[in-house]
Every structure is written in C-alpha cells, then in structure tokens.
Amino acid sequence: MKVSAIAAVAALAAVAVAGPVRPSGDKYLIELGPGKTQWVTKDQKHKMRAAGQTFIDITNEIGTNFVATKPVAANYPKNIAHPSMVSSMIANLSKENLMRDLQAMSEFNNRYYESQTGVESANWLMEQVKKVIDESGAQGAKVEKIENQFNQFNIIATIPGSSESTVIVGAHQDSINQEDPMGGRAPGADDNGSGSVVVLEALRGVLGSKAFRAANNTNTLEFHWYAGEEGGLLGSQTVFSKYKSDGRQVKAMLNQDLAGFKGQGQEQFGLITDNTNQELNQFCKMIVEKYASIPIVDTECGYACSDHASADRNGFPASMVAETAFEDSNPHIHSADDTVEYLDFDHMLEHAKVALGFMTELGMASNL
C-alpha cells in the first residue's frame, strides 16, 4: 500500500466511531483485525477498500455474542493417494469452458451484490451449476441458493459423501467498480470471474469422472460461490457463521480469488500464509507440486483479504492459492479495465487442476 493510501485509510478511520453500540445514521460495523472494530458509512467502506484496506463487515453479528473458536481438527494426508484418478480427471478439464464461461460472466454490466445485474449474474451462474449436475446424472448431487440480507445470493453445490466431514472449494462471484459500485462497469474478469469459473470447471471435472462416482467419496464435497465479498466478506460470513452454529465438520476450505493473471515475472502461484491454516497450506503445496506445472511461493495478503477469512474466523481450516505473489497481483481489478484481455487461460487451467486435485484427494481421504 502506498503512503498516500495509508494516509487516506487513517483519515477515514479517524471519522469512524469505534465500539459495539450502533451510532445514529446508516452505519456498518467493520473488523480490521481481531477485536479491532469501527463504525463506518457505506461510502467510507468503499473508500477504505479502494485505498487498500481490507476488513470484515460484522454488522449482522451485533447481539449474537460471537466468540472465536479453535479450528476444527483435521488429519490431512501426507502423501498423494489417487494420482491415476486425478490425472485422468485433469485430462478432461477444458480451457474452452473457462473462456466461454468467463466471457459470459464478464458481459453483465457489473455483478455488484446490491445491483440488479448482480442478481441476474447469480441466476445465470446458478443455471450453469444446475446444468453441470443434471448432465452428469450423479446421484445425490444438488445445488441450492443461500439467501443473504441483500440482493445477491450464495450458491452451493453438494456431492454427498459417506461421512459428515466436509471439504469446500469456493470463490466469490461479485464484482465492483470502486468509482461507481452500483452502476459502474465492472466486468470483474479476474476479480473474481476467474475464480468462479475455476470452481465451476472443477465441479465439471469431478462429476464428469465415472471413476470418481464409482469410488463413492468418503467426505462430502461442496462447491461455493459467495455473494458480496467486495462489501466485507458478506456472503461467506452468512455461510460459515451458519455452519458454525450448526456444528458442521468443515475439515478444509480452499479459496479461489484471482486466478487468471500471470503476473510480470516468473509464473507462479501465491500461497497465502496469513490468516490461513498452516497444516492445510502444506497439503496445498503437495497438491500443486503433484498436479500443476508451475511453482508456488509463500505470500501474505492481510487480514480479511478474501473469503477464506470467514472460514478461518468461524473455526474452519482454510487456505488460499492465488494467481501470483500478492505484490504482483492484477492492477486492473475493481475497475472497468478488469477484462479478459489481461488474463491467461493456461494459467487459469492450472488453478482448475489444483482445485480438482484438492477436492478429489481430500474427498477420498479416510479419517480426515
């Protein structure tokens, strides 16, 4: 973050009202770090995000007595167990699918979580997920919408397993133009159409595999598309706070946010190491080394930079594999310039390989 951006964030923070008691006016309670909260207006939220400040909007937690919990215990495999199955599934992943789906997502004026086109894009995505499930003929697979306290909804596809242990790959579906959130052009090709279509292609890969379906996965698999990430991880909080209250056994969550920009230097993934689960991160490295053709390096993105933070905050082990090291991220996001012309679909396909390997290896793991 530049010095000018830091000064802007400090100025905005100075006018925010700290504390759990709701002030007068239309204010939102945000968390900038563990236990560090401030009241801000919606306009201040947008300006803080534009200045590089990340946060979780926790307004809906007022009165719930939220308490952070220890992570759900998990036992991740130390070795690759299903290389033949995963390799055969990877061979059927399609760069053309990624291109077609991302082009369609980018054609909406924006996918802002409070706009009409944000709802229309979610409906379109829901139809694509339903189509994948219907065409697979997979028994028990389903998709459902999870409503939020705003217009756009979350989408969750489920492949039930023989245990209640759950493995998740997720991406946020919304986009934003920081200059004009509601009406501005925000194709959001990289942020985060790229992650959304990667998760969709991973779902195709899993459900399209006869070997996978015949193997009867041990653990339940879920594919998530979150609404309202750009407003402070809103949709993913809806999901993971509910999972926490329901006592769900989420053993692993892989976040795919930014998956199409190759960067300016050496092509490599960025493994987010802050506010993530270190044991799961090691498993992710093993998956990348086995199933992808590019290396992975450690990087940090700050508190609440994306939806894995909602899982982590609610006690669920989470990791994020990003398109590059954080400092080499796409400079065109959050604007009308976030278009497919800046993206590399071979790089995006590598993300799909990782997502597919992650879900298959953990889906088949026993005693997770």
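Every residue, even glycine, has its Cβ placed from backbone N, Cα and C.
Site annotation (Swiss-Prot, ligand Zn(2+) 1) includes His172, Asp191; from Asp134, Asp246, Asp257, the additional listed residue is Asp257.
Of the residues Glu147, Glu222, Glu230, Glu300, Swiss-Prot places Glu230 in the same Zn(2+) 2 site as Asp191, His334.
According to Swiss-Prot, Cys301 forms a disulfide bond with Cys305, chosen from Cys284, Cys305.
Highest local Cβ density among the disulfide-bonded residues Cys301, Cys305 belongs to Cys301, counted as other Cβ atoms within 10 Å over all protein chains shown. Restricting the recorded positions Asp191, Asp257, Cys301 to those with a CA within 10 Å of the CA of His334 (Zn(2+) 2 binding site) leaves Asp191, listed by sequence position. The glycosylation sites in question are Asn92, Asn192, and the one with the fewest Cβ neighbours inside 10 Å is Asn92. Between the alpha carbons (Cα) of His172 (Zn(2+) 1 binding site) and Asn216 (N-linked glycosylation site) lies a span of roughly 28 Å. Cys305 (disulfide bond) sits 10 Å from Asp257 (Zn(2+) 1 binding site), counting Cα to Cα. Under the three-state DSSP scheme, His172 (Zn(2+) 1 binding site) falls in the strand class.
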